[in-house]
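The following features are taken from TrEMBL:
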{"type": "REGION", "residues": "1-27", "note": "region 'Disordered'"}
{"type": "DOMAIN", "residues": "14-53", "note": "domain 'Oxidoreductase-like'"}
{"type": "BINDING", "residues": "Arg121, Tyr123, Leu138, Lys140", "note": "FAD binding site"}
Amino acid sequence: MSSGAENLKSAPATVESKPQKPSESECCGSGCKICVFDIYEQRLKAWEKEQQRYRLSSEIHNVETLLSPVAYKPFVLKNIQQVTKNSFCYRFCAPTEHPLNINLGQHVILRATLQGEELFRQYTPISDMEAPGYFDLLIKSFDCGHAGAPPFSRAN
């Protein structure tokens, strides 16, 4: 069974990625009340504030975990194990041996790009929260389209 890892191209990026400055051609030059450059500046300030809040929070807690509340992190899809006809257990491994360290009721968000479309899905880990360096997700596949389908192929 293929791991499908080729479809899980993750790059470290913030949950709210740093805003990209618009090009001069994106401004109509007609003196709009709210110009694309004004919107960019507002988004950039909000992004910087969130980054600072996260850095301070990390310094205060000084806890090493696999996940971040404000940044996507890359994980390697180690294997996929079929559990039922349409349910699969996905094991993701991390570059460090730190535990997942999330609370009951919390979830992880997977991000993937398929056919040029960025998809996000939320899942609750089923592995031991203290397991070092990996976590497991139980994902049920639906044939009804993007709403129920995992953001990656299970065996392509």
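From the backbone N, Cα and C atoms, a Cβ is placed for every residue, glycine too.
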May I ask you to report the DSSP-based helix, strand or coil state of Tyr123 (FAD binding site)?
strand
Just how spread out is the FAD site if you go by the largest Cα to Cα distance in Å among Arg121, Tyr123, Leu138, Lys140?
12
If we count other C-beta atoms within 10 Å, could you say which of the binding-site residues Arg121, Tyr123, Leu138, Lys140 has the fewest?
Lys140
